[in-house]
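A.B. asks: Sequence annotations record features per position, and here Swiss-Prot assigns active site, proton acceptor to His45. The annotation substrate binding site is assigned in Swiss-Prot to Gln147, Ala174, Asp175 on the grounds of a curator's inference. Per Swiss-Prot, divalent metal cation binding site is recorded for Glu149, Asp175. Residues or ranges marked as site 'Transition state stabilizer' by Swiss-Prot on the basis of a curator's inference: Arg70. Taken from Swiss-Prot, the feature site 'Increases basicity of active site His' applies to Asp84.
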Amino acid sequence: MENSFKAALKAGRPQIGLWLGLSSSYSAELLAGAGFDWLLIDGEHAPNNVQTVLTQLQAIAPYPSQPVVRPSWNDPVQIKQLLDVGTQTLLVPMVQNADEAREAVRATRYPPAGIRGVGSALARASRWNRIPDYLQKANDQMCVLVQIETREAMKNLPQILDVEGVDGVFIGPADLSADMGYAGNPQHPEVQAAIEQAIVQIRESGKAPGILIANEQLAKRYLELGALFVAVGVDTTLLARAAEALAARFGAQATAVKPGVY
């Protein structure tokens with residue numbers, strides 16, 4: 001039951017991750033053995049639901065890689081279901097201010113600390129009430145990562161960092177660059193300056209900074225600045241580009257692909 005991902009962040013040990021968008025338990029298990037510290041199961045932009053998240057959690061469970069789940073929104077009903085199927089670490093998208101960060105934390109806590117509904121007899125998370133004192137232990141093992149993706153969220157970062165129960169803050173470079181007027185160009189100097197400043201600010205607050213970036217030089221730069229959970233690739237991108245490269249080596253004419261954010 002111990003959340004080893006949360007423990008690693010608290011100890012200041014950088015965690016390298018991979019984004020999962022294929023929504024497949026088979027590919028999730030394949031990648032769980034690849035050596036990444038954590039795997040992000042994406043419920044915001046990938047075609048996932050509670051059932052597909054569950055099967056991926058089950059597939060990853062025997063491996064050292066730790067699952068992180070991103071719901072589609074900061075929704076306590078959806079979060080409750082994801083926690084009951086066994087999610088312990090959440091990446092909550094589009095958090096704009098401290099109140100929204102507090103709502104995310106409260107959704108992960110049983111009363112009186114929060115509003116999570118008690119249904120442990122039905123829940124994989126408690127192993128159907130086979131984990132002794134699950135209801136007393138669960139709150140402390142929840143890891144809440146909130147995602148800042150706009151100029152407004154950046155402005156409110158100091159207040160977000162003050163919210164008790166927020167373990168880390170993840171910078172979303174794609175949406176942030178779009179909000180700053182540089183859609184598709186997170187490497188623009190102004191965007192990079194904002195990202196770097198935020199990483200330093202988050203780390204100095206005692207929280208864990210995180211980001212997704214497929215550029216290896218930038219990933220290493222962010223780690224040097226103090227980022228503690230960094231996703232360095234996306235399964236869909238890795239599969240698509242590798243397949244195109246293989247076909248091209250045998251003379252196939254692939255559709256030209258404009259380099260993406262990830």
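The backbone N, Cα and C atoms fix where each Cβ goes, glycine too.
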A.B. asks: Over all pairs in Gln147, Ala174, Asp175, the listed substrate binding residues, work out the largest Cα-Cα distance in Å.
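C.D. replies: So the binding residues stretch over 12 Å, Cα to Cα.
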A.B. asks: Calculate the distance in Å between the alpha carbons (Cα) of Asp175 (substrate binding site) and His45 (active site, proton acceptor), and round it to a whole number.
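C.D. replies: The separation of the Cα atoms works out to 12 Å.
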A.B. asks: Rounded to a whole number, how many Å is the Cα of Arg70 (site 'Transition state stabilizer') away from the Cα of Glu149 (divalent metal cation binding site)?
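C.D. replies: Between the Cα atoms of Arg70 (site 'Transition state stabilizer') and Glu149 (divalent metal cation binding site), the distance comes to 14 Å.
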A.B. asks: Could you round the CA separation between Glu149 (divalent metal cation binding site) and Ala174 (substrate binding site) to a whole angstrom and send it over?
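C.D. replies: For Glu149 (divalent metal cation binding site) versus Ala174 (substrate binding site), the Cα atoms are 8 Å apart.
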A.B. asks: Whole-number Å only: compute the distance from the Cα of His45 (active site, proton acceptor) to the Cα of Ala174 (substrate binding site).
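C.D. replies: His45 (active site, proton acceptor) and Ala174 (substrate binding site) have their Cα atoms 12 Å apart.
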A.B. asks: Taking 8 Å from the centroid of the Cβ atoms of Gln147, Ala174, Asp175 as the cut-off, which other residues in that chain fall inside it around the substrate site?
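C.D. replies: Near the substrate site, the remaining chain residues are Pro93, Met94, Glu149, Ile171, Gly172, Pro173, Leu176.
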